[in-house]
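Below is one structure, written out as structure tokens, with a few remarks after it.
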Amino acid sequence: MCNNRRNPVNCILPPYILEKIDQTNNSDLGDQIVLTAQATARFRSKRASLNEMTKKGKAGFLRTVSGDTDLEGVLPKPKHLIYDAGGLPITPGELIWKDGDPAPKDKDAKNVLNGATQTWKFYYDLFKRNSIDGIGMPLTQCIHYREDPRKPFSNAIWDGEQMIYGDGDTIFFDSFTRDIDIIAHELTHGVIDYSAKLEYKFESGALNESFADVFGIMVKQRAKKESVKKSNWLIGQNILLGDEYALRSMKEPGSGYKNHPGIGDDPQVAVMSDYINMSQHQDNGGVHYNSGIPNFAFYVAAFNCGGNSWDKLGKVWYAAMTDKILMKKNSKFLDARNATLTKAELLFGKASQVYKAVGEGWDAAEVK
């Protein structure tokens, strides 16, 4: 599974979904557990090396460029590289699209190009952040990946350097390129690698997951021009087959899917009184179970602010996530509450509706 306690590879499917699939009587579906574990092993050593490089300052870690131009005074643009693994366990595969080429014909290539473009524009337009690392890192994406050429692969992975997408099994999962919020979620894990560096375990890992969901939903809402009241607040609505299913709900954690024929009920929690204490061997200490708590806090804060989530509240969450003093690698939910309140006060004032809404959000999630 996507579980390496020291240097985890970030995948969109939580372990509890994969475990439910493994409990089915379908051996082909059960193989997804093995395939995901194999994929994680393939990328684990590279992720560890990249993390070590950033610690030593060899990968431009935490460098950002502010303002409207890059280091050469040219208006930044996203840099795209789309590769096709061709159903093989190779990355990045064959280069099939780069900037300046005609529009891609492959529907998955179209999806990842749109998703990555919208994510880049979100971060640059609102925060003047030039790509994942802040200094123009190419958005490298690999589609049609399989760990076993004979079997489809069901996951989306940020491996520390590139995005990797499976095509889904067509039984429970569609292509993992279909949801813009999933693409933005995984790319945001990269932003976290270059900012808060939240350790992927226990509360800090749940915050890592939550920040990725928060920015994933905001990218989707901005692309669809949805207000906080118009949005359905669902993550992964299209990759989980069936109109009534989604991977997660930020509005009502634990309701993403109910009575699903293969994976049962969504086990996420929304408030601290329901926090699930787990060992590090279980979902890295419950990072996907408990990320519903800060997710719910953000939803309530956004709803109480009104309007568009990204206009004001997005600025607060981004400022908190990228502040390496307020948000450290082992930060907990209460640290996130304090960081977002501090940024809300600095940006909008203690008497503002934004500050009030941020406090109300964390109060609703019982983080006090």
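Glycine too: its Cβ is placed from the backbone N, Cα and C atoms.
The annotation active site is assigned in TrEMBL to Glu186. Here TrEMBL flags His288 as active site, proton donor. The domain 'Peptidase M4' annotation in TrEMBL covers 97-192. What TrEMBL records for 196-367 is domain 'Peptidase M4 C-terminal'.
Mean pLDDT across the domain 'Peptidase M4' (97-192) comes to 96 in this model. DSSP assignment over the domain 'Peptidase M4' (97-192) gives 34 helix, 16 strand, 46 coil. Cβ contacts within 10 Å of Glu186 (active site), excluding its own Cβ and spanning all protein chains shown: 26. Counting only the Cα atoms, the space from Glu186 (active site) to His288 (active site, proton donor) is about 14 angstrom. For His288 (active site, proton donor), the same-chain residues lying six or more positions away in sequence with a CB closer than 8 A to its CB are Pro14, Pro15, Tyr16, Ala206, Glu209, Gln268.
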